[in-house]
Amino acid sequence: MIMSSYLMDSNYIDPKFPPCEEYSQNSYIPEHSPEYYGRTRESGFQHHHQELYPPPPPRPSYPERQYSCTSLQGPGNSRAHGPAQAGHHHPEKSQPLCEPAPLSGTSASPSPAPPACSQPAPDHPSSAASKQPIVYPWMKKIHVSTVNPNYNGGEPKRSRTAYTRQQVLELEKEFHYNRYLTRRRRIEIAHSLCLSERQIKIWFQNRRMKWKKDHRLPNTKVRSAPPAGAAPSTLSAATPGTSEDHSQSATPPEQQRAEDITRL
């Protein structure tokens, strides 16, 4: 509203100022060459720039070094950065992995690429041997014959086990004391003689059958029937009174009559 009232008021008079040329003619403003203004502006600009941003201190010139694979440290050591840590010594000695790269004389020339460090993979024979399972002699199946891949029939026939003299001697000693083995004792003998439990079990079964045959003992699995010739003898021995009656009846009747007369 105030601005509109000023614009609508017709009595407002615009101030009139003389042009700049009159100021220069009346020597209000001294005349200077354009070089003067340029020099002052540049000097003032530099002066303010120096006050706001002081110049950085001069950097010391150090010889440039190119680090190669020799600067690599072990897992327990830390890398050395800058000249401050150059004099620090670690107790562990770092072993260089490859040859250091040559230092370049000029900084403008491109630095050569560091050589590739070819570190061979360490071999651990102990770890490889530990992964392989240990197979004991008693775990090997020596009593099973080799299987033919072209054989399409049933289970291959087992070959006969050939016991050594030492094995047979130990088995005979055990059979002399115990004809029947427990499971625990069978496992102990199998481990000591490098045989399987099945082999020990079968050997003792065969040895018991042989012992019964040598001592002429009847087989407990089959019942023995009485022989046919022994039946009449047993019957005659069981009934002795019947034979006496039969002999008395065989006497003649005349003798019986004579005995009756004498009794009268």
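Placed from the backbone N, Cα and C atoms, the Cβ positions cover glycine too.
Quantities reported herein were computed from a predicted structural model and do not represent experimental measurements.
For reference, Swiss-Prot has these:
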- 156-215: DNA-binding region (DNA_BIND)
- 32-51: compositional bias 'Basic and acidic residues' (COMPBIAS)
- 100-110: compositional bias 'Low complexity' (COMPBIAS)
- 233-254: compositional bias 'Polar residues' (COMPBIAS)
- 19-130: region 'Disordered' (REGION)
- 214-264: region 'Disordered' (REGION)
- 135-140: motif 'Antp-type hexapeptide' (MOTIF)
Positions on the same chain near the motif 'Antp-type hexapeptide' (135-140), where near means CB under 8 A and six or more residues out:
190-191, 194-196
In the predicted model, what is the mean pLDDT computed over the DNA-binding region (156-215)?
89
Could you count the residues of the motif 'Antp-type hexapeptide' (135-140) that DSSP puts in helix, in strand and in coil?
3 helix, 0 strand, 3 coil
